[in-house]
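For reference, the structure discussed in these notes is given below.
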């Protein structure tokens, strides 16, 4: 098994790379969700320069890189502990796959550990998430991260930094649980349906870096797409509560307002952008993470 340092570095590098590369999709999603009407094209045309697509990159990069490092490290600790307990009970060695050095667990264990790790880390990183969303939005004209933090603290207090944690947790915990479950399942299913000519093995009987990266990244993209679609309504509600806290105060009032005063389909607002971003982000982050931790064995 890779060291804890390896998981921290792998998670940080993967999260940072995906955050910087995909920030434009995140910004467009935030601005599209804050509007009651309009189209994605109108959102794009409202930008003054192409560089505005990367507004909020710093808080996004901090949140995603640190959050990814903490999440993947804590997830690994929990999954490894469960695997070692099973090893102790059965006197077997910890099982890993040909494309991965991560321990293999049951579907239920993958679901629970993924959800719990994400919920915990999500709470820790909630303040930077609030700053990121406000910074990306056109409803606030913050000139710096420091100004955003001071404004939130002065006007809303400490609670302002945790605004919308309920729907955020309802989005992220189920998403991560479903993601880990599907990801681990697909890593073992894909090799059985891919042409044998594409599956290259090294001298130790494991997949080569090219093959394992292709399998892991494809599994990540497919898993993220499915989990993102299921949890999309919570993302819309979370964004509304964080952008307009005086108008959208609770989960249920926000949901009711969107459905009755706008349109039920609006709870899936920004799904196409989030779907694209989450799928690509997972493919990049987990592909990098899986390969980096192999160097810390």
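In case you wondered, yes, glycine gets a Cβ from its N, Cα and C as well.
Source: prediction; values computed, not measured.
Among the residue ranges 164-187, 188-211, the one that Swiss-Prot annotates as transmembrane segment is 164-187. Swiss-Prot assigns the feature transmembrane segment to one of the listed ranges (85-110, 111-136), namely 111-136.
Summarised by DSSP class, the composition of the repeat 'Solcar 3' (211-295) is 75 helix, 0 strand, 10 coil.
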